[in-house]
Amino acid sequence: MATDTLDDMSTTMKESPISSRKDSSITITHRTKRSLYTHFIHVLIHPFRNHMGRPTKQHPAGSINLKPHKIILRTCTVSERTVCDIHVYDILPKRTSTKEVRRRIYYFCGGGWQSEPSGQHWQLCAKLASQMPDTAISVVSYPLAPKNAAPTSFPKLLTLYRTLLQAADEAGDKVILAGDSSGGNIVLCLVLEALREDEKAAHLSDEERKRIPHPTAIMAICPSTDLTRSNPDIEKLKDVDPILTPPFIKETARAWQGDWDSADRRISPINADISLLAKHGIRVHGVTGGYDILGPDGIVFRDKCADNHVTGEWLQWEKQMHCFILTWPYGVPEGREGVGWIIDVLKKD
């Protein structure tokens, strides 16, 4: 299919945003159309879904060194730093000075908590960097399961979170946490747990709590929000999901949870005190797909945000697979438009 045809299709899919309910704090942009290109991809990959995107090896303990995809080096620079023993990769467009940075987006890539960032992840982050002035996009190499399950990794990531937010606060930089799939799970859990810790710290006054730095917003792309995998809609969608299966998402959940209960709020943000996000004015944005078996849990989390008066914007696109926005480098119209939507939303924060 020619690119100009795809562009025509993309423009026909622009629909007006709607709210999930009257006077809701969450605004939902709803898309329903599916291009022939996307339909073809779904048909092509569905027979191979038990093999695609699966971890190819176990990674060692600790944060691993990453190799940025070479294609992004044409337009961006990537510099590595180590914070709290975790490698962080800062992406900036070429000829952009670090002195120009006034906002930082820390991105946690998905991959079932077990895989390093893909080429599509690097290209997404480079796209965000090139389209968002004064913004550095930082890929976080968080320790990977199963050798680094949540009981070991999460406390380290919470220390990293505190350190990064404090440094940004001292520099006068705004911070957004973003992630897809398992990465979306981590960013939601980190913010919610940090807020809970602050709330429970009896030695802090209300004024001191207000001064503790937190992100201005979260962008959760097709997030995994409930590791119990008990939502009955998972089974209802299993035959139309082109890439995920119930056994696979249960397996990845077990790899990350370690000896924690799958309902623990630190790994299942759906069970955390979501009202704390509204109390601290943290906006929560997200993306969900109608052919994603993790989508129903994402919608439950989104509705809980609305119930607790958390503000944010969400893109709900029917007939789209898990993390469909990662298809944008291949010219998929829904992927391109999805990335554009994310950029437009984040620019407001």
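The backbone N, Cα and C atoms fix where each Cβ goes, and this holds for glycine too.
If you look up TrEMBL, you'll see Ser181 marked as active site. In sequence order, Gly110, Gly111, Gly112, Ile221, Cys222, Pro223, Ser224, Leu294, His322, Cys323 are the residues of the chain that are 6 or more apart from Ser181 (active site) and have a CB within less than 8 Å of its CB.
Positions annotated as compositional bias 'Polar residues' by TrEMBL: 8-24.
For 106-325, the entry in TrEMBL reads domain 'Alpha/beta hydrolase fold-3'.
The region 'Disordered' annotation in TrEMBL covers 1-24.
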The predicted model's mean pLDDT over the domain 'Alpha/beta hydrolase fold-3' (106-325) is 97
